[in-house]
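Features reported for this protein in TrEMBL:
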{"type": "DOMAIN", "residues": "115-247", "note": "domain 'Glycosyltransferase RgtA/B/C/D-like'"}
{"type": "TRANSMEM", "residues": "6-25", "note": "transmembrane segment"}
{"type": "TRANSMEM", "residues": "116-133", "note": "transmembrane segment"}
{"type": "TRANSMEM", "residues": "191-224", "note": "transmembrane segment"}
{"type": "TRANSMEM", "residues": "236-259", "note": "transmembrane segment"}
{"type": "TRANSMEM", "residues": "345-363", "note": "transmembrane segment"}
{"type": "TRANSMEM", "residues": "383-402", "note": "transmembrane segment"}
{"type": "TRANSMEM", "residues": "414-434", "note": "transmembrane segment"}
{"type": "TRANSMEM", "residues": "457-476", "note": "transmembrane segment"}
């Protein structure tokens, strides 16, 4: 019996992993390529197949490399002779279109195989959260942050896409874990492991650079605690930190050396000069150019180019929709509001309880003896027993602070690296809250003691029951969202079907529903109302003509007017002109088929209808005014013309 009990946690963990795996796999099979995958998938394949890093230098290679490895075992035609590869500077969007949809490849198969790697990384994250939580909280309570991670709608959404966010989350969590392991046991082996994991983390996303100030601050506070016991010197920490960073960046160098091996130096130089021509400060741009000219430092130059591209992008912001407004300069309250709208309500309730209890305990201790020396000694004692929790809090504060300051507001996914830490801290607070009921001093009298025990029993039962109910609510909420994890919003945010009213982009519509539009068109045909042709204004990484057929899908934009009116094919070229290559129109002729159907991505609709602020400009012909006349908008924040049908959650379909 005892032996069976020992296997139960492992069995429960396996069940959690399998459930999370199948949820992500099912969603992956139903989703078309999202916007960033159009660039990441061909880039990853080109790295592992050709050791050439000309595509997508604004992201480190690790996730893309892992996604590209399964593709090596398939018969794939890569468009090496296209101008997007030969001549264009970072022609990632056109290469994505040509590679996936115009080279005779099976796009569905490529996308599915590419997504295996991020799914595995998401599962590794769940495993890491469990084992670290078990060390901090014990076997039972470890399952609370594990379940919160495994069934987080945001992690389930981004865990099955070839994007960098979940990979970065795993990298940051693992790097912090092994860095703390070194601080507690400063052996050579732990220094090397901490350095290697730090390096792998840096290869996932450039925002992982925030680990550097975090580690410095954590090491400083750890030194304060250890110094009291006359252990070591601050120079030891500084020297060892430098060694860890050096090992990490040696690994970064090795990766960049390998994957820039066949990137012609002359093209790397001309590409970088073009990309950095408007970068400021100029000395950083010039440093990158100079590093390219030396064969030894050329890999470092490409890493630096990626960092500079991210800095430029972050400073420039991104045009997006938020709370009825459209802007490229961002909003200071974007991330707090999006977090409150997209995290499940039961989790927010648990977070409030945990924070309130922790804050109340701090105030209570401060009131008991308000003396700096005494409280500082208490703080050092806390570091000795709760160093990992304090380290997590430090990183969460730094990362959230950076995110709040950035004008680049493109999704809750940018907060993902803080999720595991928040979940573990939340669980620690709730555990202390439940256990606090046992801390009352026992009475000497029997009946008073008995009454006290009964009160404790009911208090603990209530608290444990509340946590359990909230957890069940959380799981039901997540499971009922499948497979629309990307579009998840809690009840305050309008749920899966109405979250677009508050914010879009990767929070709601990233192009994931194009295959569902294909299914809708086919189902309409089976229902007796055959759709001969449909106008499509699509935002995402899919290709409407690939899925629906060359003659059935017609690229559209607001400025073309009502598609039911016959127009010549020469009036328009490819849609999504910002990220997709323009295609030549066919010869001018009248369309033989009247177009009675229109499908529009809700991200595009909100960009067209939201109030422009902060100097954002938009042409009247891009505002779908004619659609608003045909399909009036309901009153309220973020309302769009009422669709007749929807493909998935994000593509609105109008029968004109």
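Even glycines carry a Cβ here, placed using N, Cα and C.
Annotations in TrEMBL come from automatic prediction, not curation.
Computed from a predicted structure; not experimentally measured.
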Feature contact check the transmembrane segment (457-476) with the transmembrane segment (383-402), CB under 8 Å, 3 or more pairs: no
Result, the transmembrane segment (6-25) in contact with the transmembrane segment (116-133) (3+ CB pairs under 8 Å): yes
Positions on the same chain near the transmembrane segment (457-476), where near means CB under 8 A and six or more residues out: 144, 147-148, 151, 344-347, 349-350, 430, 433-434, 437-438
Residues of the parent chain within Cβ reach of the transmembrane segment (191-224), under 8 Å, 6 or more residues beyond its termini: 58-63, 164-165, 167-168, 170-172, 174-183, 232, 234, 237-238, 240-241, 243-252, 255, 306-307, 310, 380, 383, 387, 390-391, 394-395, 398-399, 402, 414, 417
Positions whose Cβ lies under 8 angstroms from the transmembrane segment (414-434), at least six residues beyond its ends: 125, 128-129, 132-133, 136-137, 141-142, 144-145, 148-149, 152, 154-155, 158, 165-166, 168-169, 172-173, 176, 207-208, 335, 339, 347, 350-351, 353-355, 357-358, 361, 389, 392-393, 395-396, 399-400, 403, 408, 460, 463-464, 467
Cβ contacts under 8 Å made by the transmembrane segment (345-363) with residues that lie 6+ beyond its boundaries: 148, 422, 425-430, 432-433, 436, 467, 470-471, 473-474, 477, 490-492
Residues in the domain 'Glycosyltransferase RgtA/B/C/D-like' (115-247) grouped by DSSP into helix, strand and remaining coil: 107 helix, 0 strand, 26 coil
